[in-house]
Amino acid sequence: MANKTINFENQSLKGTIKVPGDKSISHRSIMFGSMAEGTTNVTGFLPGEDCLSTIAAFKQMGVKIEQNGTNVKIESRGMDAWEEPKDILYMGNSGTTTRLLLGLLAGSHIHAVLTGDESIAKRPMKRVINPLREMNAQFSGREDGQFTPIAVKGSPLNAIEYVMPVASAQVKSAILLAALNANGTTVIHEVEKTRDHTEKMLKQFGVDLNVEDKKISIQGGQKLKAVKVDVPSDISSAAFFLVAGAISPNSEITLKNVGLNETRTGIIDVLQQMNAQLTISEVDDSNPEAIGTLTIKTSDLKATVIGGDIIPRLIDEIPIIALLATQAEGTTIIKDAEELKVKETNRIDAVVDELKKLGANIEATDDGMKITGPTKLSGASLRTYGDHRIGMMNAIASLVTSGAITIDDPDCIAVSYPTFFEDLQKLSQ
Ligand SMILES: O=C(O)C1=C[C@@H](OP(=O)(O)O)[C@@H](O)[C@H](O)C1
Ligand SMILES: C=C(OP(=O)(O)O)C(=O)O
């Protein structure tokens, strides 16, 4: 893998872009379209590597999927027509594909083996395996199913009432998908409210489920109906350019069609708390997934404290928020974010180690980090750890470093944002 050297010292960013489609919604559009009988058409799909892993897995199970850039057509005869894959299902780098598929396959008629890259091999799977086993799911895997490779043998499932020990939309979604194939009504209690795309999209696909704050009930035996899905732009990708616009000089960036589901908008709350010049316009909340236009300008930033129930609403944005905090006056504290340790890499250690190399005043804590700013940063050679979000944080840092930044594995960014460097280049013309 070739290194990439970038130097955006004193560069201002100007212009309007539409960042790619939402990764969480893109995954679910393929899964639910493959479950539904009929033709599901998806527009605005994210052709990132993670979502392509999801497509590949369903193709191996005989679902007809045609993907042309951001358009996808899924033709399925329903779950009962899925075929047993003739080879292992390769999850690549995608935690969402792995965990949601484990839930979905648990109550199917399919035998399958799931494996992924070296990062997936380290990510904890017991968080989904345990509740699914309570439902009578049959798994065998490394360390009793804690790690991939994991084999699943679909079996009849029973509904459960489950109090989630972690705040995780992937765990919640795996149980919901298994519950659709279970006998009886499954009830899930969340510790904190997490992204609710599964709930919203299942309803779109005709499923009846009941959500009362952090309690979700779903009756087994329901079938999905094919629909049209229009995927909004990913606020987690937009976050990199929101921060870029706020920290670079004389900048003004407009991002169109951004998903504004309130379980995802913690980054907007944080930018506002930190005094960023952010405006939200053209909000359209007539569909289940609200969208709007975000405009950010160079900002005089101040520190803040981030913790508690906002964490699941911005979990993937913490690396780029840490960079933002290096440019804010005062000490920013990020707490209650232990989940960062089990992402594509340990994101607490990765963020702290890489920003330190640039001269940031940052330290790791047990459940997050403390950052004091503003600090003038200097260029260095940085690692991505194969983690797309660390890679993009490193690249955006070059807007506030004197001297160039070299990134070891820029290709990993294609997991969620294949056109990231093109968009950065476009805004810096
Ligand atoms: O459900 C999803 O689509 C996701 C849920 C989150 O993970 P957890 O459920 O592990 O918090 C998030 O970090 C990930 O990028 C996508
Ligand atoms: C954690 C992430 O994704 P996943 O869990 O699907 O690998 C992410 O995109 O930041």
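Cβ coordinates are placed from backbone N, Cα and C, and glycine is handled just like the others.
According to TrEMBL, the features are:
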DOMAIN    11-424  domain 'Enolpyruvate transferase'
BINDING   Lys23, Ser24, Arg28, Ser168, Gln170, Asp316, Lys343  3-phosphoshikimate binding site
BINDING   Lys23, Gly95, Arg123, Gln170, Arg347, Arg389  phosphoenolpyruvate binding site
ACT_SITE  Asp316  active site, proton acceptor
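With Arg347 (phosphoenolpyruvate binding site) as the anchor, the candidate binding-site residues are Lys23, Arg28, Ser168, Gln170, Asp316, and the one with the nearest CA is Asp316. For Ser168 (3-phosphoshikimate binding site) paired with Gly95 (phosphoenolpyruvate binding site), the C-alpha to C-alpha distance reads 11 Å.
With a 10 A radius on its CB, Arg28 (3-phosphoshikimate binding site) counts 26 other CB atoms from all the protein chains. Cα proximity to Gly95 (phosphoenolpyruvate binding site) (within 10 Å) is found for the following binding-site residues from Lys23, Ser24, Arg28, Gln170, Asp316, Lys343: Gln170, Lys343.
Between the alpha carbons (Cα) of Asp316 (3-phosphoshikimate binding site) and Arg123 (phosphoenolpyruvate binding site) lies a span of roughly 16 Å. A simple Cβ count within 10 Å picks out one of the binding-site residues Ser24, Ser168, Gln170 as the most packed, and that one is Ser24. Arg123 (phosphoenolpyruvate binding site) has its Cα within 10 Å of the Cα of these binding-site residues: Lys343, taken from Lys23, Ser24, Lys343. Among the binding-site residues Ser24, Gly95, Lys343, the residues whose Cβ lies under 6 Å from any atom of ligand 2 are, in sequence order, Gly95, Lys343.
Listed in sequence order, Ser236, Asp316, Pro319, Ile320, Lys343, Glu344, Arg347, Ser416 are the same-chain residues six or more apart from Arg389 (phosphoenolpyruvate binding site) with CB atoms under 8 A from its CB. Cβ neighbour count for Gly95 (phosphoenolpyruvate binding site): 20 (other Cβ atoms within 10 Å of its Cβ, all protein chains included).
Ligand 1 lies under 6 Å from the Cβ of the following binding-site residues, listed in sequence order from Arg123, Gln170, Arg347: Gln170.
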